[in-house]
Amino acid sequence: MNISSMLSNDSNTASQDVGGNFDDSQRNNDKGGSQDANSKKMGTGEAEDHANGNASVEGNGIANHGSATNGNTKGTDDSSNVNIVESIIPKPIRPTRSSIESDEEDVGKNYNSIISNDSEHISQRYLENFEDKVNAINKIDQVLIKGNNMRVLNQEEENLNILIRNSGEIAENYIDRVVTEDISSKANILNGKDSVGKEFKWGSTRDMKKRELELEVDNASKADTAAKKGGNKSKQGATKSTPAKKAKAKPKRKPSATDDTSEESQLGKKRKTRAGSVSGASQNDEKSANGKVKLKLTLKDQAEEDSASADAASKVTTKEQKIITKQYDNTFVSIWKDLSRKDGPKVSRLMQQSTQAKMINLKKTSILAAREAKRWQLKNNRNQKDLTTKARRAMREMFNFWKRNERIERELRKKHEKEILDKAKKEEEERESKRQSRKLNFLITQTELYSHFIGKKIKTDEFEGTDSDPNANFKSANHHYDKYSNIDGEGKDFNSIDFDNEDEESLNKAAAVNAQIALEAAKTKAQAFDNDPLKNPDTNGEEMNFQNPTLLGDINISQPDLLKCTLKEYQVKGLNWLANLYEQGINGILADEMGLGKTVQSISVLAYLAETHNIWGPFLVVTPASTLHNWQQEISRFVPEFKVIPYWGNAKDRKVLRKFWDRKNFRYGKDAPFHVLVTSYQLVVADAAYFQKMKWQYMILDEAQAIKSSQSSRWKSLLSFSCRNRLLLTGTPIQNSMQELWALLHFIMPSLFDSHDEFSDWFSKDIESHAQSNTELNEQQLRRLHVILKPFMLRRIKKNVQSELGDKLEIDVFCDLTHRQKKYYQMLTSQISIMDLLDSANNSSDDSAQSLMNLVMQFRKVCNHPDLFERADVKSSFAFGRFAETSSFLRETNELEMSYSTENLIKYNMPRIVYEEILQPTFDNDVGSRKKINNMFNIYHPSNIANDELENFSWLRFVDQSPQEMNNLSKQNIIERAINNREYSDINYERINRLKYTYDEDNESFLPNSKLLLINELQNNHALISNSTYLKELYSIKKKVYEDMVINNMKPAAEPLVKAPPVAVVCDNISFVHDLQDSLFDPKIRSSLMPLPFNRELELLKSSIPITEYPKSNMLPNAINKFIDYSNIRMPSMNRFITESGKLSKLDELLVDLRQNDHRVLIYFQMTKMMDLMEEYLTYRQHKYIRLDGSSKLDDRRDLVHDWQTKPEIFVFLLSTRAGGLGINLTAADTVIFYDSDWNPTIDSQAMDRAHRLGQTRQVTVYRLLTRGTIEERMRDRAKQKEQVQQVVMEGKSAIANKEESGNKKKDVAFLLLGNDDSSAAALNDDSEEKQNLQDSKKSQAKNLEDMYHEGEGEFSGNVTPSL
């Protein structure tokens, strides 16, 4: 084993020495393999080897050291220690390699010369540093103690060296044999003997070696004797002979790497403890002394041998020397020949194999050594790294500890400071809350006083009287405000009042003063508007006063004479209320329930102003586009004296209309160019710049929900108009939230209701939360809200003011999803998740809202009809051909006969010569003669039949056929034979006779030719089965059974992709055209196959020809079954179209019952595409209908409404909820069906009131189709919630929560999509805080979704603004 890897950390010098010696030992392995083995054997029994004289100094030195360490021998000489040191410490010059090279160059040189050459390279420094090397050996011993873990590697290396040594024995034995023979021959010659040495066979050289060793011992003893004579010379010779003897032993046995390794291995095994090491050293000292004696004996023998050799050499003559030389050369050549021819290649291969094996093992050894070295290094690095990691961890934990300690102290300090601040803040909040409460109470009291003062003047309570809602659960209790009626004082600024120190009485007085000032300011503003002089220089103050008389106080008026209709009692009260508002300069909201005549009341107040105060305008009426014509017609009908300008149309038309009020020096009297201008919300915003120039006497906004948003440009534009009074007409002032009510109130009284935040703090939050979660509502707060609203708003309900108006019955019709709808619904549900919906709901971006709205619309489509996603289209083969065309059907007669005119696009041009020379009979072909031959040789020719009538054709008489008829049958094809055999019976033809009962059949003028013969037909009374309908069916049940068979209901398995007529054959010859036409379209066959023409049948009936004498017709065979016919066009099944939608199936049943009971129906839709599908259904069921949606023009809307009201044969009116739900009168209908409901329940209420309004005498039934267990059912719950808000605010009703509804929170749109499943509820009810946040997000998201749903639509005027 290479020990350098073991000594790398302790002694670099020693490591290098060991490595160098190891390399030399490996190189010397070629010549010393056999000698190593012998030396090792000699080392195991040292005494015997010395007795025989076979041991060398160097070989025994290493072997004896190994045996001494094992305890097998008694002692050794000093050369063992020298050899151990030499095997470890490197030599400056390596004599081993030089001796090997000299042996290879000349094997026959003198042995003594080889020893002398090796001795010259011995370094003298070695002897001088001997003691230092011993110390190095002791250090190495200490290192070897640490190398016990490398024993396995040492064993492997030892096995490798043994293998290399055994492989090199063959070559060493051969070389030793040759050298021994040569030396023996030379010795015999020198001693005067004739023998040339003992001849040996190939193989072992043990005997020769033994003899040579004996000679060497003798020579060494002789040399010792000669050395004693020399005195001092012998002493120096003994000193110098030590390396000489050492060199002499090298040719016989050279130390190999295996021996070194073996000795090192044995040394490592022995020196396991320090005590063992010390004992081994003592034994080595003992053996060292014995070694010196042997060294001296060997030097003596060699000296004697040298002297004897010199004497013998002097006696040899020149001739003998040549003979010896020649003999030596011949022997040397023969030896090398045998060596090169036989053993050279074999030894070379063995050397290569041994070298390769040695290199492989050395690589393995180096890898293992490197691994072990890295393992030690890795262990040290890991320990160092662990130490660093532990230090960092300790530092980090210490830092975290102090940081946590500081944080805890800081938090405690902040907590203490926060407690102090919270306490101070709480006290401040209590003071501020008390201050704000007093502020809020001051504002509400001021508003109440203002309303109280106005109410006393315009007497709203008296006008409402018993017409108000009896469900209102409170009465006015503000009589204590009367003491502030005549209070005087200066108004106080709201910000200058000290709410902390002022008492309640002083605050009430200040509020009363401010209310009086506000009331006077409103009245003064109205007077200023009336007294504003016109820009006409011809007028004066008196004329102005005549036109605008002084406003009166409390008035009581009757119906104006200008009004050409009779007002009902509650309408007269409404007129008085409006007149008092005008007199006080106060704006108002006429919020009567829909259908109570808000339009005629507003027209009556205009008539009152014109008749009583001579105020003829200008009046501005702004209304949805769908009611423009209605307003114009009613104003012209009720007040014919009013001149009405219908301000709509394109830009050019409106420019012409603006000339009526764009005049200077203009006075509004009875003779003015116009009095009332009627326009739409869209146009008033588009032309706002022109309307702002005018000072309008009275502005009426119909369907005031259109300005429900205070942020819209429409609201801001209308608010900027200069008007003396504003009147808002609405049946539903609150649709979704209290903010809409504030928008209307601020519009009529901007100074009083100037802050939406304050109004929200007053009322909105509590009322809306009460409607959503059924919380307790503050009755006092609700009472104060009604006190504020009462002076500005007049509302009556139908059942209290119109006893003759029929009831309204609302019915929710629940439908189930069909199989196809369920599949679509489940597919949509599986593609959404709770978390995604909540993320979208909390996200305020437009994209998330749009995605949510798209999901909602997809679910609603599934509920309506699955064909909204994918229609079952018409299927047809590709028609490859050309069809006939006509320029105009108007040019055709009433009886249009369509002949066969289809042509194939592919044409075959037949040469004319082919037709004329081949197909036509000429002198050049045999066509004519062939026809004649066929006719002559026809066995059915009449002449043949007549000649053979009694024999072969005797059967003709039994079939009632003549020879000529037989001849004709033989020439006919199968179709012609079927036509001739067709017979008619009376009962069969009655079914297909279209004019059977049209004309009288008494005319018997027709007489068939057969009657002219003197042959009477057999008459009997036997009944014919064919003439009886029922007997015929009973006689043969084949058709009845076939109708119920599966084959009759089977659809075609495949359809042709392409259909085309036959390829057309074209020839430039008129005769060919006629022949082709006769062949393909034989008139007789064609008339028999096709039905009888109408004109021809009419002529036959007029001539009273019996049915049995009719010409043959309608003989085309019937189709295989009811699904397969002669056409490849497949229309989708309408029955399947109806049954695939749960709503449509229910509607189909409902319409049948309604039609039987003479009802007329309004059907409202949200989707125009669903209206398209409904038109197909109504056409299939043959229900007469008309349609109105957002795309209908104004003129068309007027005509449609007129047709519905005047034509009772129209059964169904299809309307869009947004376009047909406002302003139009459809009282001719008594049934309303909502196919799908609107997000806003108020829109649906307005739509159903198109039928349930003034003038309706029958009960109105409202059906609402809802799909069970879907998004529509939950949308209906939210609609009821919104209706609850309206009832609380407008009618004073307190919501009574159902037990079931109280446990179910109203979900937002995300819950509308997912439903009330357990997983969604569990995900949102984990803690109360998250639940509250989700409720807030649901409110905001629901609002965003509703805005998106109606985005792009005109407010209450349809999905698309109509073209004007």
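Keep in mind that glycine also has a Cβ here, set from the backbone N, Cα and C atoms.
Here Swiss-Prot flags 1-18, 66-84 as compositional bias 'Polar residues'. The annotation compositional bias 'Basic and acidic residues' is assigned in Swiss-Prot to 213-227, 1330-1353. The compositional bias 'Basic residues' annotation in Swiss-Prot covers 243-255. What Swiss-Prot records for 579-751 is domain 'Helicase ATP-binding', and it gives sequence analysis as the kind of evidence. Taken from Swiss-Prot, the feature ATP binding site applies to Asp592, Glu593, Met594, Gly595, Leu596, Gly597, Lys598, Thr599, supported by sequence analysis. Per Swiss-Prot, the feature motif 'DEAQ box' maps to 702-705.
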The motif 'DEAQ box' (702-705), counted residue by residue under DSSP: helix, strand, coil: 2 helix, 1 strand, 1 coil
Local Cβ density at Glu593 (ATP binding site) - other Cβ atoms counted within 10 Å: 23
Lowest local Cβ density among Gly595, Gly597, which the record lists as binding-site residues, within 10 Å: Gly597
Other residues, Cβ within 8 Å of Asp592, Glu593, Met594, Gly595, Leu596, Gly597, Lys598, Thr599 Cβ centroid (ATP site): Gly731, Arg1253, Leu1254
Other C-beta atoms that fall within 10 angstroms of the C-beta of Leu596 (ATP binding site): 27
Neighbour tally for Asp592 (ATP binding site), based on other Cβ positions within 10 Å of its Cβ: 22
Which same-chain residues, if any, lie at least 6 apart from Lys598 (ATP binding site) yet have Cβ under 8 Å of it: Leu590, Asp592, Asp702, Leu729, Gly731
Reduced DSSP assignment, Gly595 (ATP binding site): coil
Mean of pLDDT values spanning the motif 'DEAQ box' (702-705): 80
